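What follows is one structure encoded as structure tokens, with my remarks underneath.
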Amino acid sequence: MTRSPRRPLFAVSLVLSAMLLAGAAHAAVSNEEILQDPKNPQQIVTNGLGVQGQRYSPLDLLNVNNVKELRPVWAFSFGGEKQRGQQAQPLIKDGVMYLTGSYSRVFAVDARTGKKLWQYDARLPDDIRPCCDVINRGVALYGNLVFFGTLDAKLVALNKDTGKVVWSKKVADHKEGYSISAAPMIVNGKLITGVAGGEFGVVGKIQAYNPENGELLWMRPTVEGHMGYVYKDGKAIENGISGGEAGKTWPGDLWKTGGAAPWLGGYYDPETNLILFGTGNPAPWNSHLRPGDNLYSSSRLALNPDDGTIKWHFQSTPHDGWDFDGVNELISFNYKDGGKEVKAAATADRNGFFYVLDRTNGKFIRGFPFVDKITWATGLDKDGRPIYNDASRPGAPGSEAKGSSVFVAPAFLGAKNWMPMAYNKDTGLFYVPSNEWGMDIWNEGIAYKKGAAFLGAGFTIKPLNEDYIGVLRAIDPVSGKEVWRHKNYAPLWGGVLTTKGNLVFTGTPEGFLQAFNAKTGDKVWEFQTGSGVLGSPVTWEMDGEQYVSVVSGWGGAVPLWGGEVAKRVKDFNQGGMLWTFKLPKQLQQTASVKP
């Protein structure tokens with residue numbers, strides 16, 4: 001059983017906690033604290049419960065034997081009519097929870113009582129252009145500041161104790177289609193963010209800022225042919241063209257509006273000192289307009305955090321013609337290959353394949369399907385490149401209004417979309433929220449216009465099965481086998497948490513937060529929150545007890561883009577709640593995991 005070294009006696013813990021809240025509530029978040037986040041379950045100061053994004057907690061006071069007694073202790077409403085999709089992961093520092101809501105709002109909440117301490121609402125213009133709902137996925141903490149991105153493509157720094165604005169910087173022009181929905185991150189004292197907007201023909205980029213004052217430090221474009229920069233004393237210094245030169249993998253001038261937006265944010269591997277980001281779809285979707293691999297779209301990138309230099313890349317879907325993106329999280333873990341331990345990273349791609357890479361150099365180790373139906377490719381070659389099924393690429397429109405339609409699986413919303421998976425080092429398994437669906441897709445003619453949708457394609461998403469779309473899967477990265485699965489009627493659209501207590505938590509659009517036995521997949525607990533659970537659950541220790549929190553609120557891309565699937569969820573209610581749970585106190589004190 002994992003117990004904190006600070007907690008020799010329960011009563012002492014209560015006294016210390018009270019002292020912390022009263023006297024040390026203003027303690028600054030340090031870089032060392034961020035790096036040690038996975039080892040300090042009393043706080044959560046990173047998105048992903050650690051800079052590597054494993055979403056694993058070493059706590060086991062709450063475990064597979066007692067989780068059936070888990071009960072709500074408080075709930076907090078985001079209030080007002082600004083509901084829509086809620087996809088944030090909360091952070092917790094010194095008894096205060098920090099999280100975001102739809103429409104670029106930030107809340108600070110007392111983690112013991114659910115009392116709101118402060119709220120910040122960004123003043124958004126009327127012409128914001130988010131592709132996939134007005135969601136936000138969370139904040140970053142550093143020093144005495146809270147950082148988040150807005151739907152009009154700004155970074156905002158707030159005083160974490162008062163919610164007052166310390167600085168605000170424009171990252172990109174929202175009128176071109178840029179926005180920010182992902183949580184930024186802190187790496188070696190730098191504030192790192194990506195951008196969204198690939199559906200509008202923006203040029204993706206990753207940028208680093210001084211968190212104290214918002215000064216831009218470096219910028220790295222994610223489309224081949226664009227110059228990267230470092231900034232000193234406010235002056236831009238050229239730092240190499242992404243990909244070396246324009247036009248190598250893009251025809252004509254399309255690289256100028258190439259998309260590849262790193263819209264989901266990234267993680268950091270301190271062992272290699274690399275930032276790991278994914279990039280989105282190339283623009284436009286009509287692949288016949290842009291023959292070639294279209295780097296660095298639908299790829300994973302490793303960047304030097306000092307200056308943004310690209311150290312390696314791996315492209316999961318070259319010449320993407322299905323909007324499969326490559327943004328999904330790349331989780332660092334140690335992989336045993338023939339008795340040799342490799343510094344690896346894994347990702348479950350929207351295209352339906354699960355990839356294991358060497359995170360020191362990006363080399364392909366292995367890949368395999370993780371969903372039941374993939375039609376666009378017949379497999380992967382020895383380098384991890386897809387073996388295309390040419391009949392599944394939608395046709396060129398030619399002189400017609402649209403080209404020939406084809407049925408493709410998975411659908412463009414992906415075998416797995418944004419919702420983060422989790423890795424449990426005790427079981428050696430990844431827990432992947434996935435979906436089984438397909439689509440009819442066809443290409444159309446398109447010309448770029450600033451701020452307008454730049455797709456050149458049409459589509460209708462369809463379910464593949466009558467009784468389920470979502471599947472929570474436990475996947476062994478070494479064998480490539482699925483260990484267990486749990487089906488869900490609606491598409492899964494929320495993140496996953498796993499713990500040393502042999503538990504896996506995730507939510508459903510039907511409104512349930514659920515817990516599963518990490519080894520067997522048996523459902524061992526659930527709670528109805530009143531609206532779809534799209535957020536990423538967290539767990540932490542406070543006053544000698546283990547808590548679980550999750551955001552509830554239906555929305556996101558599925559009801560907006562889901563075609564026939566959207567009909568399945570049309571009666572699901574929107575919402576905006578933060579739910580927090582724990583065991584009754586007497587069970588917390590006697591908890592243990594049985595062999």
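Placement of Cβ uses the backbone N, Cα and C atoms for every residue, glycine included.
Same-site candidate for Pr(3+) binding, as annotated by Swiss-Prot with Asn281, Asp323, Asp325, chosen from Glu176, Glu199, Glu436: Glu199. When every Cα pair among Gln87, Arg137, Ser181, Gly197, Gly198, Trp263, Arg350, Asn417, Trp493, Ala557 is compared, the largest distance found for this pyrroloquinoline quinone site is 21 Å.
Counting in whole angstrom, Trp493 (pyrroloquinoline quinone binding site) lies 16 from Cys131 (disulfide bond) by their C-alpha atoms.
On the backbone, the CA of Cys132 (disulfide bond) and the CA of Gly198 (pyrroloquinoline quinone binding site) stand 11 Å apart. The two recorded residues, Cys131 (disulfide bond) and Asp323 (active site, proton acceptor), show a Cα separation of 13 Å. Cβ neighbour count for Cys131 (disulfide bond) (all protein chains, 10 Å cutoff from its Cβ): 20.
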